[in-house]
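Take a look at the structure set out below.
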Amino acid sequence: MKVTFEQLKAAFNRVLISRGVDSETADACAEMFARTTESGVYSHGVNRFPRFIQQLENGDIIPDAQPKRITSLGAIEQWDAQRSIGNLTAKKMMDRAIELAADHGIGLVALRNANHWMRGGSYGWQAAEKGYIGICWTNSIAVMPPWGAKECRIGTNPLIVAIPSTPITMVDMSMSMFSYGMLEVNRLAGRQLPVDGGFDDEGNLTKEPGVIEKNRRILPMGYWKGSGMSIVLDMIATLLSDGASVAEVTQDNSDEYGISQIFIAIEVDKLIDGPTRDAKLQRIMDYVTTAERADENQAIRLPGHEFTTLLAENRRNGITVDDSVWAKIQAL
């Protein structure tokens, strides 16, 4: 089915208000969920909203909590999210990293005791729109087996890198071949994954999203490489924030909350003049996209460039929402 941005935001806002979230916070949170969905990231927008409400009702998310600065070391700051709303706090933390970068050339905010930030790409994009390189990542509850294991002991720990090119170039990727949100999107659409995304119960690689969702044997991105990246990202976020690791979140908490996150902004214009920056970025993009195609019908894409097109299409034609997901939201 198709809905407008306004309908989507109003539905989110209604549910948040009914759960006792104050009107200003509810409006800002509903706006972020709707913007994420409008950008085409359904897995961490509309599809994720019922799960967000469940955690709100369980007390994992404290809607009136505000992040608190713990330590300041010039370009580096350490904050405690105090289990506040994840996407609103993440936006504030990237804003703070940008402020630090304006003063120091680079800004790093390490956040502990946080909640799921929903679409991580929002915060990298936020920095790139202002002319900064944006880098951020988060740890999570253990939802992926380390390479060679059958049991989940590491997080998908998504990493975002956004570059202020025209259009913005951005990688937003979990350390698994697919996020669990994208497994859900493909399952709801009745599609197999385009490439192997995990193992079945017999230990064979599979493209069946429902099987992987059930047995949790999701495949690390690049096999052992994604497994290794997940581990070191967790270590850095844990140390810099003095927060909880994947092991602590998984073993000590009843659900995924109290996680650790990193937000970095770099002011490019302190290092290179604008015309030179733009020319260098354009040359990189042209060099990549003019490579001989393996399939003449398949364009060579640059990461993140599709979001401008998706956003325009959704604004023009309406936002596609799975019927079953919309029914869940209406029933909340």
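Cβ atoms are placed via backbone N, Cα and C, with glycine included.
What you see is a predicted model, and the numbers here were worked out from it, not measured in a lab.
Annotated features in Swiss-Prot:
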ACT_SITE  HIS44  active site, proton donor
BINDING   ILE168, THR169, MET170, VAL171, ASP172, MET173, SER174, TRP224, LYS225, GLY304, HIS305, GLU306  NAD(+) binding site
LYS225 (NAD(+) binding site), number of other Cβ atoms within 10 Å: 12
Span of ILE168, THR169, MET170, VAL171, ASP172, MET173, SER174, TRP224, LYS225, GLY304, HIS305, GLU306 around NAD(+) - largest C-alpha separation, Å: 30
Neighbour count (Cβ, 10 Å) for the residue listed as 'active site, proton donor': 27
Separation of alpha carbons, MET170 (NAD(+) binding site) and the residue listed as 'active site, proton donor' (Å): 17
Structural state of ASP172 (NAD(+) binding site), classified by DSSP into three states: strand
Per DSSP, three-state class assigned to HIS305 (NAD(+) binding site): coil
Count of other CB atoms lying within 10 Å of the CB belonging to MET170 (NAD(+) binding site): 23
Of ILE168, ASP172, SER174, HIS305 (the binding-site residues), the residue whose Cβ has the fewest other Cβ atoms within 10 Å: HIS305
